[in-house]
Structure formats: C-alpha cells, structure tokens
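Copied over from TrEMBL:
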DOMAIN    14-127  domain 'Response regulatory'
DOMAIN    134-250  domain 'Response regulatory'
MOD_RES   ASP63  4-aspartylphosphate
Amino acid sequence: MASNDDMGTGNSNTILVVEDNPQAAKLMSLYLVKAGYQVLIAQSGAEALLLAAQYQPMAITLDLLLPDMDGWQVLSELKAMPRTRSIPVVIVSVLDRQVLGFRLGASDYLVKPVDRTELLHALRRSIPRGVSHKVMVVHTDPDELSLLAMILAQENYEVIQALGPEEAANLAKCAQPDLVVINLMAGGMDFFGLLEVLKAAPETAHIPVLALTTRVFAATEEQAPGEGRIEFVLLRENEMIEERLLAAITMLLKRAGISSDE
C-alpha cells in the first residue's frame, strides 16, 4: 500500500478506498495491491474528499456508512468539485440502493460482501479506456500467445501477435505498437537479444517493454539493454495473470506519456 508521501497528483494507478471498517479496508487493499494497483485508504468522508482532491486517484471505492458523513453526501461532493468530478466512483456497501447510486453519479454499485473478481471487474468497467492503444504480445507458444491476445482484446486494446523474437522485431518496425508485452517464461525466448534489436532500430527504440516473469532480477541484470524502457512484472505462484497484466499495462502506458484520454 502506498503512503501519501510517496504519491503525487493525478495518480493513474491508484485506487482510493473509502471504508471505515479496518478489516474490510485491509481486505480490499489486498485485492487491489495483488492486482498491481497502489492504494490510499480514507476512513471518513472528510478524509475521502481531502485525499481525492489532493491525489486525484484513478478510481474510488465508496462505502455509504461512514462515521462523519453520509456516503451519498460524499458522492455528491465528489461530483461537484472540479478536481474530482471525473473520477469514477464504485459504491461498495451493504445497502442495496443502486438506482439512487447511479442517479447521483456512481459508475458502478456492488453490494457487500464483495469478492476480488467482482471488485476488479467493476473497476475496469468504470475506468474510461478512451483511445484504443496498440499492444504487441510476444510468445513462442501459439496457444499462450492467443490467450494473452484474447485478454487484451477483451479490454479493447488493438493486439498484434508475434510468434517469437524474430517476428516481433519485424512487426514492431512496421506496426509501431504503443507497448510490447513479452513473457519471459516462454521457452526459447532470447529476451535481451530482442531488446537489443528493438533498441538499435530508430523506429522501435522508443517503444516501452513489459516483461512478465516468475523470478526477481538481480541489480546487474536490471542494467540490461533497454534500461529505462522495461517494466518487470513478477508473477507469483497461483496468481491470476489477467489482473496484474492489465494494471501493469495501464501504468506503463501512463509512464510513457501514452494516456488513454489523449
């Protein structure tokens, strides 16, 4: 979970969780952090309004039963303030008042108890995608390649499939993707060789690379070719790849200055 001191404004990968129950807030934060998001927690309505205006998170989850303010009032004030009115708000509450929630500007409405899949899907539905970005996925296994492509296509990305490093290098030059996603677990993948080729060509030197891996790279390995353009995503055992992948893509595109609202 990110501390307030670590964060600036306009945080493209941060979710503000508004929840006064410490156990519920901790559980939701765990879901979000495992999916690759940063998390801010507000335990009151006043704190929620302050943090939302200060940090402008990607989205907000809002409990309606707060100690100091009615959750409906918090939602109304969020939608009234210029700095926060465009932030998607997903209501997460024991109260089943969906019609009122949508009328007051909520992007989605979940009735507790809420599981991880429900929460993450509601957030992805609520966060505006905007312009469709072009993402190239690279793998040496056709079936795994198709699976990665399907995950991204369902999120409205324009997907380019490259079977192996050689095809990836050629396609990147002509297709000019916004991002390249490489699975380091793929057999026969010369990852750093591909990075050398991409870096050497003027047409592809600027393209950021997202590398999926199950191992932690040592400091010497992190100084590999393409430094500054690579984001390693560590996948843990039994972890859902979909949530981590989509969150990492959003974050890396933002870091590269390729926002979805351009």
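Cβ coordinates are placed from backbone N, Cα and C, and glycine is handled just like the others.
The model shown is predicted, which means the values in this text are computed figures rather than measured ones.
Note on ASP63 (4-aspartylphosphate): other Cβ atoms within 10 Å of its Cβ, all shown chains, come to 25. According to DSSP, ASP63 (4-aspartylphosphate) sits in a coil region rather than a helix or strand.
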